[in-house]
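For reference, Swiss-Prot has these:
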BINDING   ASN101, THR151, LYS155, ARG273, HIS305, SER357  substrate binding site
ACT_SITE  LYS153  active site, proton acceptor
BINDING   LYS179, ASP181, GLU182  Mg(2+) binding site
MOD_RES   LYS179  N6-carboxylysine
ACT_SITE  HIS272  active site, proton acceptor
SITE      LYS312  site 'Transition state stabilizer'
Amino acid sequence: TYYTPEYQTKDTDILAAFRMTPQPGVPAEEAGAAVAAESSTGTWTTVWTDGLTSLDRYKGRCYDIEPVAGEENQYIAYVAYPLDLFEEGSVTNMLTSIVGNVFGFKALRALRLEDLRIPPAYSKTFIGPPHGIQVERDKLNKYGRPLLGCTIKPKLGLSAKNYGRAVYECLRGGLDFTKDDENVNSQPFMRWRDRFLFVAEALFKAQAETGEIKGHYLNATAGTCEEMMKRAVFARELGAPIVMHDYLTGGFTANTSLAYYCRDNGLLLHIHRAMHAVIDRQRNHGIHFRVLAKALRMSGGDHIHAGTVVGKLEGEREVTLGFVDLLRDDYIEKDRSRGIYFTQDWVSMPGVLPVASGGIHVWHMPALTEIFGDDSVLQFGGGTLGHPWGNAPGAVANRVASEACVQALNEGLR
């Protein structure tokens with residue numbers, strides 16, 4: 001009863017595209033029905049309480065199955081979920097339902113969630129990015145070019161004072177942002193409060209000398225939500241413009257709580273995707289990053305790391321640009337060549353700035369400005385701090401290269 005090819009999807013349905021590999025001997029229709037059942041109202045047997053509700057109203061429906069070209073025994077199963085199955089404004093509940101139990105199902109050898117269509121009726125119940133791209137540009141007074149960042153290295157082991165010195169040199173050299181590495185929380189060699197204080201001093205000194213607004217992504221991620229909020233509050237009291245969160249290791253509930261605080265208190269929110277490859281790297285099993293990106297846009301974040309296409313971390317060009325559009329744009333058409341299975345309408349939800357980071361350096365600048373355009377953050381860690389003349393010259397090199405590439409694009413020279 002969960003495989004219903006005659007079903008006409010509604011504008012209010014959440015639609016999911018699963019790449020499924022059934023066990024040998026299990027028909028695709030049976031596997032698709034099992035996915036729809038286990039991720040909605042079904043269980044392993046008929047229960048007498050089924051008669052106390054309207055399963056027809058609440059069940060997920062597998063409404064289409066198509067074989068994957070070039071793959072043996074692999075199918076895309078399309079499942080529609082009625083909106084009443086989900087709590088409003090909760091990414092946690094949405095993912096618990098759709099990907100909670102079904103991935104361990106015996107009838108399947110592998111299962112991957114490739115895409116979700118979030119209807120406006122549901123997306124409008126979420127906070128979304130605390131500020132969004134345009135508000136961030138207005139806050140920073142920076143327009144017409146990608147923003148430049150740098151992750152402070154070595155990621156672990158620096159004292160707070162030396163860390164602050166590196167921040168100052170990079171910002172003084174021309175970068176817009178510096179960043180805590182995702183590993184940096186509050187360790188014995190550098191407690192969070194000391195780091196925040198030295199970084200704030202570096203920020204204000206660099207701002208005074210350059211006349212530009214500067215930021216450092218102060219990582220508020222912590223072992224408890226209460227401690228995370230305490231760090232965000234201290235960052236705001238210091239006058240820092242932006243904080244950071246590891247949204248997958250920290251969790252969506254914590255992330256949305258922090259996003260609400262950031263919106264109410266004028267803080268930008270930078271999101272790191274540490275742990276994403278555990279979930280999204282296998283081609284046949286897990287969750288594609290485009291789904292994690294959509295979930296983040298709803299949960300709340302102004303920046304998120306989105307791969308580079310050209311650096312040390314994996315990322316296919318067309319697929320990467322597909323989820324970059326899903327992060328930034330209001331309306332994204334279905335385009336299977338870019339891995340986009342459904343047309344997505346975000347209506348008025350603000351966009352998220354994609355961050356290119358990981359093994360990139362100044363020689364990648366022409367490709368990065370062409371691929372990501374103006375509305376992006378290009379982040380060079382080793383590509384700044386690895387400059388043979390030091391941190392500040394590394395920052396100068398990146399700023400000069402960025403402005404040269406933007407000028408070339410504007411003048412039609414490329």
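Think of each number as a place in line: the chain as shown, counted from 1.
Backbone N, Cα and C atoms are what each Cβ position is placed from, and that goes for glycine too.
For LYS179 (Mg(2+) binding site), the nearest neighbour among the recorded positions THR151, LYS153, HIS305, SER357, judged by Cα separation, is THR151. For ARG273 (substrate binding site), the same-chain residues 6+ apart in sequence whose C-beta sits under 8 angstroms from its C-beta are ASP246, TYR247, LEU248, PHE289, LEU292, LEU296, ILE304, HIS305. On the backbone, the CA of LYS153 (active site, proton acceptor) and the CA of SER357 (substrate binding site) stand 13 Å apart.
Listed in sequence order, the binding-site residues near ASP181 (Mg(2+) binding site) (C-alpha within 10 Å of its C-alpha) are THR151, LYS155, out of ASN101, THR151, LYS155. Taking CA atoms as the reference points, SER357 (substrate binding site) and HIS272 (active site, proton acceptor) are 10 Å apart. Here GLU182 (Mg(2+) binding site) is positioned 29 angstrom away from ASN101 (substrate binding site), judged by their C-alpha atoms. Shown in sequence order, THR151, ILE152, LYS155, ASP180, ASN183, VAL184, TYR217, ASN219, MET244, HIS272 are the same-chain residues outside LYS179, ASP181, GLU182 whose Cβ sits within 8 Å of the Cβ centre of the Mg(2+) site. Around THR151 (substrate binding site), a 10 Å sphere centred on its CB holds 24 further CB atoms from the protein chains shown.
Taking Cβ-Cβ distances under 8 Å and a sequence gap of 6 or more within the same chain, the neighbours of HIS272 (active site, proton acceptor) are GLU182, ASN219, MET244, HIS245, ASP246, TYR247, ILE304, HIS305.
The C-beta environment of LYS155 (substrate binding site), restricted to residues of the same chain at least 6 apart in sequence and closer than 8 Å, consists of ASP181, ASN183, VAL184. The DSSP secondary structure for LYS155 (substrate binding site) is coil.
Of all the Cβ atoms in the protein chains shown, 28 others lie within 10 Å of the Cβ of LYS179 (Mg(2+) binding site).
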